[in-house]
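Student: Below: one structure in structure tokens.
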Amino acid sequence: MAAKDVKFGNDARVKMLRGVNVLADAVKVTLGPKGRNVVLDKSFGAPVITKDGVSVAREIELEDKFENMGAQMVKEVASKANDAAGDGTTTATVLAQSIVNEGLKAVAAGMNPMDLKRGIDKAVIAAVEELKKLSVPCSDSKAIAQVGTISANADETVGTLIAEAMAKVGKEGVITVEEGSGLQDELDVVEGMQFDRGYLSPYFVNKPETGAVELESPFILLADKKISNIREMLPVLEAVAKAGKPLLIIAEDVEGEALATLVVNTMRGIVKIAAVKAPGFGDRRKAMLRDIAILTAGTVISEEIGLELEKATLEDMGQAKRVVITKDTTTIIDGEGDKALIDSRVTQINQQRDEATSDYDREKLQERVAKLAGGVAVIKVGAATEVEMKEKKARVEDALHATRAAVEEGVVAGGGVALIRVANRIAELRGDNEDQNVGIKVARRAMEAPLRQIVANAGEEPSVIANKVKAGEGNTGYNAATEEYGNMIDMGILDPTKVTRSALQYAASIAGLMITTECMVTDLPKEDKPDLGGAGGMGGMGGMM
């Protein structure tokens, strides 16, 4: 085992604090409407320019191992805030830096670190309750656009695009961000249920100009099995031909003579047919087939529940207004399913999502909800260069997370004002002893830090403006973009309650642990062993050949 380097007490805390400040100082220059960019060098490709706090934090590794420990702990604050709310990483870092700096000053002055931490925790619990009281619901498109605009660093087009996307696919809908091909940002909405499976044979194509299959008011046969024998299909095909409607077959697979017969029927014009593989694999495929069945008012033909393909009737078929199939995707538009049954299915999947343990499962369940609830929106980010594209895409993703958080828990006044108001509201809070009271003061002082940093980044004097804002009431604050005072909500400067809450809780949690640190242990750097030097020739052997 490698030898260790151990530091105690003040020596350890000074080193740790230096690391905290290096990382936090790099991150906090990005805060607010007049925050600056940070350029990150990459081992390959062009440097990345970003205003995203967590992206900056993730890049920082310090040479001194004790300083690096401090930096890594603050990095954890930014990452946790990002995971919980998708935004607020810079605010969380600024809060953590303030708590650690003020807290360690108090420890150096002889306060008990454990009581300090208890005081900080008490203040944060009280502050979160007050934040919830200040929170107002965020339901209309205007408020959603404002939240998106603020989070995307005052880019109004991004806020408007996100609000449009949410209006079209619902607040539960899936909205994804992709790199576009032009200079303009675009919104592409896929209505209905779309899944990643295309037609099984190009002979099904009936729109050669687009290379797609379009079926108007088709019957939809859902089978949880491979279909290779055409005899199983004959009763269904005859019934559909009599009804004079097209047929879409969604099965585990359609192969061999069954597929050949379907192609021949289509080419001869006897009946319009298209076949696609069912989406997903294993249990997820079964669940998605059931989703499609509920959406289209059909039944999944499965031997597990005693249903056989030969005995299937038109009553077992699902129906939709229109189906469009390309070589890669199938889209079912306006299924005939009962609204109440669809809502019940959405509730059931949401419950599964809340209980899911892995991010992958949660994401897949959320996609299923969106497909049932109304569709998928894709925001295509436009930019002139790849460097700008990456920076802008990161901002749009942040803005999207922020708007989701706003819809979930509501909004509070932005620009650091909500935390100032909360700090005033808990002014009378007291701990069990004087050291805890100092901890409460440390937390309250930290709640001013985001506003002070926003003002400093705008080139103004933080103390003057912070005192003016503190003297105000309600949502009155300072708009750093226009350099004027006013009602932050009316000016459209909003922060999602969830983002502010998460930033405060994670900052206090990790900063509190750092204040109570008494010892730090790390590996000693390995010393390079000296080279053995060139091995000399063996003496006395020169005459040998």
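Please read every residue number as a count from 1 along the shown chain.
Any Cβ shown, glycine's included, is placed from N, Cα and C.
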Student: Among the residue ranges 326-345, 346-365, 526-545, I'd like the one that Swiss-Prot describes as region 'Disordered'.
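Tutor: Based on what Swiss-Prot states, region 'Disordered' spans 526-545.
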Student: Who sits close to K51 (ATP binding site): which same-chain residues at least 6 apart have their Cβ under 8 Å from its Cβ?
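Tutor: Listed in sequence order, they are T30, G35, R36, N37, V38, N153, E391, R395.
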Student: Including all protein chains displayed, how many Cβ atoms other than that of G88 (ATP binding site) lie within 10 Å of its Cβ?
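Tutor: The answer is 32 other Cβ atoms.
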Student: For T30, T90, listed as binding-site residues, tell me which one has the smallest number of other Cβ atoms within 10 Å.
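Tutor: Minimum Cβ neighbour count within 10 Å, taken over the binding-site residues T30, T90, occurs at T30.
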Student: For each of G415, D495, count the other CB atoms within 10 A of its CB; which of these binding-site residues has the top count?
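Tutor: Of G415, D495, the one with the most crowded Cβ is D495.
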